[in-house]
């Protein structure tokens, strides 16, 4: 097969697969509901959504969150209760818990909450119910954002589901508890208060958590269990428009995504299994001012409502819910097929299937390589040479592309693809393909110059099959359910090879062979492109909020290389079948060079203020007053300024030309003797940012009253650093065991709702001897996220100067350090 004929066919094949993937991802499978009995009405749910977001940002402790939103929810629940049928009873409870817990999220810290708000509704059959299924959303939002997708839309969906179920004349077997929790953005506090303290929590046997990592689109099931495969089976059976992936689950639970949900709290503190769903589309505007209700399609609301209503109703009428402890054992492999249906089977069955398929592949390869016996040694040598060349090509491709990514990062052109994703494909994708083709072209020209092309195509196909068989066995041995992906890449190619083995040996690959080959590879290639699309849709926006420590170009380049390597696995053999790769190499190299030049020139600006599709840069500005005291309580230092954090790798480099005062000359050095460098972190995310953060010193001092723990704002951070020779042994927080953050300091996140009692706590330290400089440094930061104290005139003035392609979230805070 000549290059002019083979390369375009392969390209058309991949483009056709990509088109199918796009259709499957963008297709919404249900029209808006009509809102009849037992039908979910997206229009009514949208009404709830518009009203909740119209209240404005709903920060914990603010009147908008604690009063206005709560009152609105209670009004709607009361109206729903009035229209409910006699088949059900509705109970409503307002819970305002106080508690504390430690969590290993973000490197580890301790959380304390006081008088936060939960609105809890129980819908149960007229005769009562012993067991319950929980549906959870949160109505609070991060500061300065309307929080439509995260998570007002989920609460709106839950209100409509409550309405729909209560209007049904069909009684439920079990109760359904709807938790509208008011403090999730404070790192899962309200769910902890409910599951550990509320009397209804004891009856819960399973839960569904509704979350968001993007704005609209399909809602992805990305966590289930732990164990309890019956829950996945319930989703498979009941969901009308399934979208689920055990791959997403294992990626999320690996910790590489800097996020967490209430799923963790119910799992770890309530010992309750569940299903975690989240909208994942358009994560670029997640947690920004652009997260408005008009950006969420009515069809997305309908789709989510249809799915969740069906699953809740199925569980609330299932005998398995009452006996859930009997079905706890075992994990499950699950994945949707282009959003049409979900395949799910026990992980132990998957392991057996994986090992059987890997064994068949090993037997096939062993038989082929070792026969005839008189050529076995020579065959083994050629086979493992091809195997080694494939691994070499993969490693060299990764190294080459990462070098390009590092270069792009060093010259200050990181995230050039953030608004224009195709740039990453043209830059890193073409580099990866060129390197792969080049390695094998050189091997063919210099190492295999006298070897039959058909034989080379055959042996390299077998070598790729060997690679995937080894990977399949290894991943299965580790216990990852995602090994099913490798199963596809062994089973279908092996079947294809068995069907086309005669054509493989014919001189000159025919069109018949090509068509049969492509059809045999259709399933693994289609699914891999579908899965890759989902991964890139989730991860690309995350690169804009992952801090300044890890170069996002290196991460994305790694993903692109991985995708390229996987998708090219069974096309490597075509390099040895075609007469020449010169035209392909020249074309792709030209694309790479032109793209590299354009990226280096800065023509691709990373951010966008496009009203229809904004992709803003995230910047946090904190007008901070700092005061440092010595062991005798004397004030030894004080200053005031605006601390600025760019939440991506570019820092503030793109802002400096527009606001020249913000530059490297005003970096405030780390206060080495103060916890967390003497900076008022709202959360312990210091390890995500490079040292030498910007502290913009102002000429005017921003005055603020002294803060005490009994009168402080709704959000405060407590930092503790035992001095050398002393240790923090116990305290009254969490379970009594102090949990250190990354770096060794201790971080306590505190928040309260309305009318909270003074915060009393104690810490116990051990010290080997008396220290002249004290035994512990303790600092308290107070954060003003709402009200008249939120923004100073200086902060307002600076925010006004920031470009419209930024999302600039600002507030005032204090940092007070004491030594004891």
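Quick reminder: no glycine exception, Cβ is built from N, Cα and C everywhere.
All TrEMBL annotations are machine predictions without curation.
Residue ranges 337-365, 627-655, 656-684, 685-713 are listed, and TrEMBL annotates 337-365 among them as transmembrane segment.
As stated in TrEMBL, the feature transmembrane segment covers range 585-607 out of the listed 263-285, 286-308, 309-331, 585-607. Of the given residue ranges 177-200, 201-224, 225-248, 513-536, TrEMBL assigns the label transmembrane segment to 513-536. When TrEMBL is compared with the stretches 125-146, 147-168, 455-476, 719-740, the one noted as transmembrane segment is 455-476.
Taking TrEMBL as the reference, the stretch among 96-118, 556-578, 763-785 described by the feature transmembrane segment is residues 556-578.
Confidence for the domain 'Endoplasmic reticulum metallopeptidase 1-like C-terminal' (710-818), expressed as mean pLDDT, is 90. Outside the transmembrane segment (386-411) by six or more residues, the chain places 427-428, 431-432, 435-436, 439-440, 443, 456, 459-460, 462-464, 466-467, 551, 553-554, 556-558, 560-561, 564-565, 572, 596, 599-600, 649 with a CB less than 8 A from a CB of the stretch. Of the ranges 337-365, 482-501, 585-607, the one with the most Cβ pairs under 8 Å to the transmembrane segment (513-536) is 482-501. Below 8 A, the CB atoms of the transmembrane segment (585-607) and the transmembrane segment (417-443) form 3+ pairs separated by six or more positions in the chain. Note on the transmembrane segment (337-365): residues 20-21, 24-25, 27, 29, 218, 229, 232-233, 235-236, 239, 241-244, 330-331, 383, 462, 465-466, 468-469, 472-473, 476, 479, 481, 483-484, 486-487, 490-491, 494, 498, 526-527, 530 of its chain, located 6 or more positions outside it, place their CB under 8 angstroms from a CB of the stretch.
Within the same chain, residues 350-351, 354-355, 357-358, 361-362, 365, 368-369, 382-383, 386-387, 389-391, 440, 444, 448, 482-483, 486-487, 489-490, 493-494, 497, 504-505, 509, 569-570, 572-577 sit at least 6 positions outside the transmembrane segment (455-476) and bring their C-beta atoms closer than 8 Å to a C-beta of that stretch. Within the chain, the transmembrane segment (482-501) has long-range Cβ neighbours (under 8 A, six or more residues past its boundaries) at 246-247, 250, 333, 335, 350-351, 353-354, 357-358, 360-361, 364, 461-462, 464-465, 468-469, 471-472, 475-476, 513, 516-517, 520-521, 523-524, 527-528, 531, 566, 569-570.
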